[in-house]
């Protein structure tokens with residue numbers, strides 16, 4: 001069986017915690033897109049683990065697979081694996097041979113392009129980790145894949161063309177000096193580094209044909225959880241373009257990015273992860289955005305700082321047009337609503353129920369950023385709820401939530417016509433109300 005976990009908003013919804021929550025029923029956790037630009041935090045055995053690439057299930061002894069839809073920075077991968085081993089874990093990680101590899105010049109180009117965009121006030125706010133440039137090389141059919149690392153002759157030929165082309169862009173288009181990048185455009189240095197990566201991948205038997213590997217695990221009766229990074233409104237096709245990531249976090253890509261067929265993924269559950277309010281890192285419209293004391297309160301209570309970048313996140317009220325769009329684009333069979341505890345003790349909790357633009361009421365996300373930027377939120381207000389003990393609520397169940405918090409949850413369920421499987425009532429894995437396990 002498969003369960004696909006998808007962020008319903010702009011990332012940072014708490015996907016890793018939900019993956020961890022159902023980890024006991026899972027045998028394999030698969031990342032099907034993205035790279036080391038999407039941090040996730042998992043708490044297990046009283047220990048906190050912050051990961052940006054390795055699938056979160058490995059901290060509970062599950063197999064973690066980075067699918068062909070991912071872009072992999074081997075340096076980050078091995079740093080995270082080694083750090084987990086130093087803490088007494090034995091992570092079982094597999095890499096799709098078809099996944100593309102982030103190389104040093106990708107990171108340099110990422111920073112150069114963002115700097116150029118800053119001059120025209122059109123920067124995206126990337127993490128600078130080379131994700132976009134690597135996907136560009138994938139789509140341009142010139143990138144290096146994990147399988148290429150294992151073929152020394154093919155690797156050298158590919159690098160000869162690729163590095164020369166990228167150096168020309170870095171210097172002639174962006175006006176930077178490649179010689180000042182500590183070897184990021186040095187073919188010999190990159191080739192040697194890639195061969196070292198290949199030796200470790202080969203020695204630890206990490207590379208697999210991911211689709212075949214996962215199909216065999218499912219045939220053997222194993223449960224597979226497919227984990228998207230970022231969120232629906234950051235999807236390259238369905239998100240707030242151009243303020244998006246360079247891949248597809250939406251559920252449809254779970255098949256493409258893992259090598260499993262769409263009927264295999266579609267027969268399983270698709271769970272949308274929702275933060276009880278909204279947060280965003282980087283640029284782009286945000287109609288329900290807050291500032292001042294309320295924003296600061298939510299930011300501090302929710303710890304709204306990027307796992308990877310440490311940047312303060314922008315925060316706002318829950319945006320229902322965004323969630324309706326996500327529910328349609330992904331086909332959620334269930335949802336999880338996290339961080340209900342963060343909103344406790346506010347006198348009033350608001351929701352962006354709809355938008356208004358040019359006198360028209362809009363209930364879903366506009367297709368263009370320009371139209372979205374012109375939207376004003378139509379707010380719906382809820383009475384706030386008192387603080388509660390997360391452990392008590394998690395133990396007693398849904399009925400122990402304050403009545404006003406229940407009304408808030410039931411409003412979201414009704415608007416999306418989707419049941420809430422999980423309610424996050426505190427920061428820990430155990431501080432959750434589980435109403436339905438998608439694997440059962």
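Every residue, even glycine, has its Cβ placed from backbone N, Cα and C.
If you check Swiss-Prot, you get these features:
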type: BINDING; residues: 11-17, 39-41, 313, 339-341, 424-426; note: GTP binding site
type: ACT_SITE; residues: 12; note: active site, proton acceptor
type: BINDING; residues: 12, 39; note: Mg(2+) binding site
type: BINDING; residues: 12, 13, 14, 15, 37, 38, 39, 40, 127, 141, 230, 245, 311; note: IMP binding site
type: ACT_SITE; residues: 40; note: active site, proton donor
type: BINDING; residues: 307, 308, 309, 310, 311, 312, 313; note: substrate binding site
Reduced DSSP assignment, residue 41 (GTP binding site): strand
Cα-Cα distance linking residue 312 (substrate binding site) and residue 11 (GTP binding site), given in Å to the nearest integer: 14
For residue 312 (substrate binding site): DSSP state (helix, strand, coil): strand
C-beta crowding around residue 312 (substrate binding site), within 10 angstroms: 15
Binding-site residues: 37, 41, 127, 230 - member with fewest neighbouring CB atoms within 10 Å: 41
Where the record names 12, 13, 14, 15, 37, 38, 39, 40, 127, 141, 230, 245, 311 as binding IMP, the maximum Cα to Cα distance in Å: 34
Top Cα neighbour of residue 40 (active site, proton donor) in the set of binding-site residues 17, 312, 313, 340, 425: 17
Distance, residue 12 (active site, proton acceptor) to residue 425 (GTP binding site) (CA atoms, angstrom): 16
Those residues of the chain, 6+ apart, with a Cβ under 8 Å from that of residue 311 (IMP binding site): 281, 305
Residue among binding-site residues 17, 39, 310 with least C-beta crowding, 10 angstrom cut-off: 310
